[in-house]
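Copied over from TrEMBL:
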type: DOMAIN; residues: 1-200; note: domain 'Major facilitator superfamily (MFS) profile'
type: TRANSMEM; residues: 37-56; note: transmembrane segment
type: TRANSMEM; residues: 63-83; note: transmembrane segment
type: TRANSMEM; residues: 89-112; note: transmembrane segment
type: TRANSMEM; residues: 124-147; note: transmembrane segment
type: TRANSMEM; residues: 153-176; note: transmembrane segment
Amino acid sequence: MIAVLIVVFVCMGAIFGATDVSTVAFAEEAGNKGLSGVILACFAGGSLVGGLVYGARTWRSALWTRFAVGTVALAVGVSLFFLAGTLLALAAVMAVVGLAIAPTLIAGNALVQAVVPHQRLTEGLTWISTALGVGVAGGSAIAGPIIDAHGSHSGFLVTIGAGVVAVVVTVMATLARGMKRPGAALTEADTIPENHQELR
């Protein structure tokens, strides 16, 4: 489980890193580089709203279900960045797609707390945060040269690629869980220790 989370978090980080540099390049090409911060703020603002809504309600679905759905939603959403033809369109799409960020990250961190032994919890959370940071750096590093060679929108192809990998890994993990526990593939709540039941 922790290995799956690490891979997916690396992919999420790559999405964020590639999105940052691609957005700045897109705004610069449009002659409004200063607006890149506003557009990225829409992405972050969507995440803020999503996090507030997520935290305001009590969830009955399993943690894994929430994480998997959030991962797929984020991956599908960022693929739309490539289709945005104007800065306004990109900002609007980012605001909506951003809604999936915080809930997915929250569910992912909660999964770590649920499956990692208490005495190794700090280590587990460190692995996840490091994976995200590595992904951000890698996404930026990969997207940068591609943008220089082919333009801003080519950088969004990196976000799409990272999203595809995240979805494939998540789907494979979900199927593997289903084979191990037929009929209850996504009932993560059954595996959460009693002291973590509040995470549901």
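Placement of Cβ uses the backbone N, Cα and C atoms for every residue, glycine included.
Automatic prediction, not curation, is the source of TrEMBL annotations.
The transmembrane segment (63-83) makes contact with the transmembrane segment (153-176): 3 or more of their CB pairs lie within 8 A, with pairs spaced 6 or more apart in sequence. This prediction places the mean pLDDT of the domain 'Major facilitator superfamily (MFS) profile' (1-200) at 89.
Ranking 37-56, 124-147, 153-176 by CB pairs under 8 A with the transmembrane segment (89-112) puts 37-56 at the top.
If you look at the transmembrane segment (37-56), the same-chain residues 6 or more away from its ends with a CB under 8 A from one of its CBs are 19-20, 23, 27, 87, 90-92, 94-103, 106.
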